[in-house]
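Taken straight from TrEMBL:
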| type | residues | note |
| --- | --- | --- |
| BINDING | B:R53, B:P54, B:L55, B:S56, B:G75, B:T76 | FAD binding site |
| BINDING | B:C217, B:C222, B:C225, B:C242 | [2Fe-2S] cluster binding site |
| DOMAIN | B:2-100 | domain 'FAD-binding FR-type' |
Amino acid sequence: MIHQEAVTVMSNKQIAEATFEVELKGACVEAMTTPGQFVHVQTGGGWEHVLRRPLSIANVEDDVVSIVYKVIGQGTEWLTNQKPGQMINVLAPLGNGFPYEAIHNKRILLIGGGVGVPPLYYLGKKLQERGNEITTVLGFQHKAAVFYEEKFQSLGNCYVATNDGSYGTKGFVTDITKELYPNMDHYFTCGPTPMLQAVTKQLPIPGHVSLEERMGCGVGACFACVCKTTDAHDPKGYRKICQDGPVFEANKVVLT
Amino acid sequence: MIHQEAVTVMSNKQIAEATFEVELKGACVEAMTTPGQFVHVQTGGGWEHVLRRPLSIANVEDDVVSIVYKVIGQGTEWLTNQKPGQMINVLAPLGNGFPYEAIHNKRILLIGGGVGVPPLYYLGKKLQERGNEITTVLGFQHKAAVFYEEKFQSLGNCYVATNDGSYGTKGFVTDITKELYPNMDHYFTCGPTPMLQAVTKQLPIPGHVSLEERMGCGVGACFACVCKTTDAHDPKGYRKICQDGPVFEANKVVLT
Amino acid sequence: MKLAVNLPGLAMKNPILPASGCFGFGKEYGAFYDLNKLGAITIKAATETARYGNPTPRVAETSSGMLNAIGLQNPGVDSIMEEELPYLANFETPIIANVAGSSEEEYAFVAEKLSQSPYVHALELNISCPNVKEGGIQFGTDPTLAASLTKQVKAVSSLPVYVKLSPNTANIVGMAKAVEEAGADGLSMINTLVGMRLDLMTGKPILSNKTGGLSGPAIKPVAIRMIHEVSQAVNIPIIGMGGVTNAEDVLEFLLAGASAVAVGTANFRNPFVCPEIIEALPGVLERYGYDSIESCIGRSWNHVSN
Amino acid sequence: MKLAVNLPGLAMKNPILPASGCFGFGKEYGAFYDLNKLGAITIKAATETARYGNPTPRVAETSSGMLNAIGLQNPGVDSIMEEELPYLANFETPIIANVAGSSEEEYAFVAEKLSQSPYVHALELNISCPNVKEGGIQFGTDPTLAASLTKQVKAVSSLPVYVKLSPNTANIVGMAKAVEEAGADGLSMINTLVGMRLDLMTGKPILSNKTGGLSGPAIKPVAIRMIHEVSQAVNIPIIGMGGVTNAEDVLEFLLAGASAVAVGTANFRNPFVCPEIIEALPGVLERYGYDSIESCIGRSWNHVSN
Ligand SMILES: Cc1cc2nc3c(=O)[nH]c(=O)nc-3n(C[C@H](O)[C@H](O)[C@H](O)COP(=O)(O)OP(=O)(O)OC[C@H]3O[C@@H](n4cnc5c(N)ncnc54)[C@H](O)[C@@H]3O)c2cc1C
Ligand SMILES: Cc1cc2nc3c(=O)[nH]c(=O)nc-3n(C[C@H](O)[C@H](O)[C@H](O)COP(=O)(O)OP(=O)(O)OC[C@H]3O[C@@H](n4cnc5c(N)ncnc54)[C@H](O)[C@@H]3O)c2cc1C
Ligand SMILES: Cc1cc2nc3c(=O)[nH]c(=O)nc-3n(C[C@H](O)[C@H](O)[C@H](O)COP(=O)(O)O)c2cc1C
Ligand SMILES: Cc1cc2nc3c(=O)[nH]c(=O)nc-3n(C[C@H](O)[C@H](O)[C@H](O)COP(=O)(O)O)c2cc1C
Ligand code: FES
Ligand code: FES
């Protein structure tokens with residue numbers, strides 16, 4: 001059941017370079033039980049912004065959901081100005097989310113890049129509750145952009161790569177995962193498309209990817225957000241990222 | 001000298017039906033010495049509202065200007081939501097204002113209708129300081145719309161007419177002014193065009209009218225706000241309300 | 001307050017309907033509210049066979065508007081009739097099927113098929129889609145082509161045909177008269193204006209199709225102008241659209257000359273926008289002194305002494 | 001950062017200029033800042049004799065845009081040359097004079113006169129004003145008329161001629177090529193889209209002229225699309241405009257293919273918008289990796305592997 005609700009800003013603070021964490025409280029948070037789902041956020045007053053902004057669920061505690069967002073354009077800029085006590089209209093929860101329920105006592109590799117990192121934290125929590133062993137690899141551009149490292153450390157080992165080497169390993173997440181994957185059962189990844197391409201190419205173990213695409217409706221009605229399936233015999237040949245995704249089994253969809 | 005400044009909301013409260021009074025503090029208020037001038041107010045965040053809203057100066061106390069506005073559409077609706085401490089971008093003071101400086105010890109009739117009432121209050125104060133005797137006639141649709149009656153009473157006699165008779169005299173301002181004008185030297189009027197037409201037609205004494213028109217720039221550059229002059233020999237044949245007005249000698253401009 | 005309006009093929013309990021392409025085949029918004037509330041439903045464009053559409057990105061935001069270049073993705077007319085229409089048969093709301101194609105033959109094929117569906121009440125000829133290489137907008141900017149296509153479709157279809165006009169023309173009235181003459185039962189207007197946005201990072205267009213169709217409140221003044229002009233020149237009803245977000249906008253479209261009003265882009269910002277408008281409409285009509293939908297239609301130029 | 005650009009007749013120290021009709025004859029904004037900061041100035045349209053223009057109301061706001069129907073009010077070309085241009089002669093900023101008329105003869109008369117002014121550096125032929133009954137937009141929607149007019153004006157004028165194109169057409173490239181062929185030295189685009197807004201209280205159009213020209217951020221995607229298409233099809237420079245509010249917008253116009261960028265409506269919301277853009281421009285270019293204006297022009301289609 002998808003809710004539209006004006007939720008209340010509890011806090012909204014910068015946690016890294018151009019990166020903010022906002023906590024939102026509302027009745028619809030109760031339905032946010034599945035990591036990997038997202039919240040479609042109305043930004044701006046009036047109708048200057050006709051589209052909502054898709055942002056992932058980073059964590060849920062009771063009836064408060066945390067979202068980590070990077071300031072990109074007008075909508076996220078507007079978000080930074082919303083103060084505690086103000087209301088924000090959200091459509092949530094949207095999408096399918098990560099299939100974590102049936103995974104128990106496995107060795108799990110979480111691989112996040114940039115603003116793809118947040119949904120993995122809520123996923124990691126849920127997987128840890130199910131007795132899985134969590135290892136995380138995070139990629140950022142440089143030191144100032146790093147966030148959530150300690151949160152992931154509380155779930156298990158956490159490795160960080162930065163493109164310029166200003167923090168952690170210099171290079172890409174795949175420079176780290178290449179050593180780790182032989183001891184893993186399953187991976188979950190979210191981040192920029194080139195990273196997802198590199199990760200899915202590198203890792204022969206089962207995995208799931210979470211995709212991003214520019215969205216219109218966010219609920220499956222407008223066909224803005226499709227991706228192609230890799231299986232030539234798939235009857236539809238495509239999936240809607242907002243409704244059928246954003247999470248897909250690795251190698252089942254074409255990453256472009 | 002016209003200023004563009006982000007001024008601070010000191011208070012913003014409803015004073016009559018759909019009518020609010022906002023107090024704004026800023027350095028540019030110092031320049032607002034002439035009643036009848038107006039403030040061009042930026043409304044809305046972003047560029048959804050590309051035009052500013054012209055609103056008259058209703059009063060000035062030290063560095064605080066009061067504006068009384070009626071909620072008409074999107075811009076004034078937005079204004080009602082601006083809380084003390086928030087900033088509003090204004091372009092001010094604009095227009096010529098009422099020529100009050102040289103008027104001393106005269107019997108003055110102020111005639112205001114609806115949201116044409118506010119600028120007359122600041123004018124009345126300035127004229128009173130110059131030893132003039134002030135009589136005010138205010139017209140409103142009905143009782144709930146009446147505002148500023150006591151303020152004008154503090155300047156002299158104040159009569160109120162309402163269209164439906166729910167307060168004061170039933171009828172129009174001209175039902176009252178027809179009795180008063182023989183004892184007056186000069187009038188100043190501001191209000192809806194039909195009222196201005198009736199007033200200027202009725203009163204044979206010298207007077208000034210303040211006009212309204214939809215505006216673009218507010219500073220004389222776009223020619224949105226012209227009115228025709230009555231003098232066929234006037235070389236230009238028109239005046240810009242934002243720059244040459246909004247105040248004109250009665251019967252010098254065509255009221256449409 | 002009587003909200004009902006009657007248009008060819010469409011007995012609508014109110015004048016509000018979602019616009020084609022912004023409402024899928026109804027299921028998604030049917031999860032938010034009872035689709036019986038709507039005056040009618042326009043479904044997504046159908047073509048002869050399945051189309052994948054354009055590569056992504058397919059949408060970009062602009063000031064008070066958006067660009068889309070979906071490219072008529074749809075599962076093909078057969079699949080729509082088998083897989084999608086039965087769901088809509090659960091509602092009493094009349095259905096308008098949007099018809100697209102790359103050639104006269106394809107339009108005629110799709111129209112004929114859809115005419116045979118017991119669930120479809122009217123056709124909307126999409127001669128104004130700016131996002132496909134062939135067909136679409138080229139029919140919508142040439143009155144001769146548009147008239148010929150309308151005739152062809154009318155010849156094979158037993159349902160009323162609404163022709164959906166493109167605003168990307170210097171002479172909208174000429175286009176409207178041409179398709180009226182060719183037998184159109186009604187008009188839908190406007191489709192999107194052709195626009196583009198560049199990604200400052202890459203320097204290239206954001207949409208992979210480069211150009212896209214501009215919709216949303218930004219285009220409302222263009223829609224109102226065109227409907228005001230066309231409604232005075234033709235004798236067939238107009239389904240108006242372009243930037244509607246609330247009941248006041250609906251009244252503006254009715255006054256301009258539309259007989260029913262479609263809501264597209266606004267569904268994306270507010271999934272409940274259609275039922276909210278329907279609920280607000282009687283109050284808004286009353287506030288401005290109207291006692292029925294009919295009494296508003298065309299008032300901007302009709303029965304008004306100027 | 002080198003901001004200078006050179007266009008026919010215009011040695012501009014930066015690519016920013018106010019758009020015609022939104023800046024009067026310079027005096028009003030000259031009270032806010034030093035007009036020497038501007039790359040050039042486009043003055044209000046001139047006609048043969050004084051015109052009063054349309055009755056008021058002449059402007060109405062729309063979502064992220066506005067409608068205007070000023071109707072070419074101006075004191076006539078002689079009075080402009082005597083009363084208005086001398087003020088602008090106090091600045092070193094080049095002046096573009098906007099030329100309008102109801103007939104070929106009137107355009108030619110005005111152009112010839114203005115060519116003789118020592119203070120004017122280029123002419124802008126306004127064949128796209130939607131707000132006058134005769135002339136204006138009819139020249140702007142017919143390539144044959146537009147080409148003939150351009151030729152006439154070129155024949156009598158010693159200054160470079162920029163033709164200002166109307167977006168109210170299905171074929172902007174055809175129009176651009178026609179006037180290029182006829183001898184235009186440059187193009188200005190876009191003028192306003194024709195729109196309308198109704199007053200719900202009266203049921204009638206807000207503007208007394210009924211229709212008006214839509215400008216502001218709402219039309220930016222249409223402008224970008226047209227400039228992107230036209231700049232690939234012609235070999236004369238384009239002064240781009242339509243909804244510019246900040247330096248990022250300017251970069252988008254340059255990338256689309258404009259060589260200079262005019263700011264119209266935005267002056268009304270922010271009288272300092274032009275100098276603020278000029279100040280912000282180097283930083284914005286740098287942020288996106290450009291080191292001159294030239295390096296941006298047409299990058300959306302030029303030197304970019306697709
Ligand atoms: C399923 C999903 C989950 C996401 N989760 C997060 C997250 O947790 N944290 C985070 O910082 N970002 C996330 N993103 C990306 C985020 O949606 C964009 O960064 C954001 O919409 C940019 O909005 P803006 O107004 O600042 O930018 P603008 O460029 O002004 O936005 C204009 C339009 O483009 C869209 N857009 C721009 N960039 C993107 C993008 N990269 N992806 C999708 N739409 C885009 C906007 O939604 C808007 O419609 C997610 C995207 C998707 C699809
Ligand atoms: C010189 C002058 C002084 C004024 N002083 C006052 C005042 O002190 N108090 C007050 O309540 N009102 C005053 N008005 C009228 C006031 O400007 C409008 O009521 C207001 O702009 C409406 O804005 P909106 O956004 O609520 O309405 P909308 O209808 O949403 O506005 C849309 C556009 O139309 C313009 N507009 C709409 N109605 C009017 C109008 N009647 N006059 C001018 N522009 C209009 C707006 O400025 C805006 O550009 C004055 C007008 C002028 C010209
Ligand atoms: C994402 C999207 C998809 C669309 N698809 C179609 C379509 O398939 N057929 C069609 O005739 N119009 C289509 N349109 C145009 C709309 O039906 C409508 O005419 C236009 O968007 C203007 O209305 P609006 O401003 O309310 O969105 C589409 C519009 C959008 C935004
Ligand atoms: C109030 C107003 C008056 C205008 N007058 C003229 C004019 O006289 N001549 C002309 O060529 N364009 C005129 N225009 C069009 C602008 O120059 C410009 O092309 C258009 O507004 C798009 O730019 P913008 O969105 O930045 O305003 C006028 C525009 C406005 C808003
Ligand atoms: S965003 Fe509309 S279908 Fe996915
Ligand atoms: S509002 Fe622009 S000249 Fe008066």
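Including glycine, each Cβ sits where the backbone N, Cα and C put it.
Checking the binding-site residues B:R53, B:P54, B:L55, B:S56, B:C217, B:C222 against ligand 2, the ones with a C-beta less than 6 Å from an atom of that molecule are B:R53, B:P54, B:L55, B:S56. Counting other Cβ atoms within 10 Å of each Cβ, the binding-site residues B:L55, B:C225 show the lowest value at B:L55. Neighbours of B:P54 (FAD binding site) among the binding-site residues B:C222, B:C225, B:C242, defined as a Cα within 10 Å of its Cα, are B:C242. Comparing C-alpha positions, B:G75 (FAD binding site) sits nearest to B:C217 among the binding-site residues B:C217, B:C222, B:C225, B:C242.
When Cβ neighbours within 10 Å are tallied across all protein chains shown, the highest count among the binding-site residues B:S56, B:T76 belongs to B:S56. For B:S56 (FAD binding site), the nearest neighbour among the binding-site residues B:C217, B:C222, B:C225, B:C242, judged by Cα separation, is B:C242.
For B:C222 ([2Fe-2S] cluster binding site), the nearest neighbour among the listed binding-site residues (B:R53, B:L55, B:T76), judged by C-alpha distance, is B:R53. Taking all protein chains in view, 19 other C-beta atoms sit within 10 angstroms of the C-beta of B:G75 (FAD binding site). B:C242 ([2Fe-2S] cluster binding site) is 11 Å away from B:L55 (FAD binding site) when you measure Cα to Cα. Broken down with DSSP, the domain 'FAD-binding FR-type' (B:2-100) shows 12 helix, 47 strand, 40 coil. Residues B:R53, B:P54, B:L55, B:S56, B:G75, B:T76, recorded as contacting FAD, have a largest CA-CA distance of 15 Å. Straight-line distance linking the Cα atoms of B:C242 ([2Fe-2S] cluster binding site) and B:R53 (FAD binding site), rounded to a whole number, equals 12 Å.
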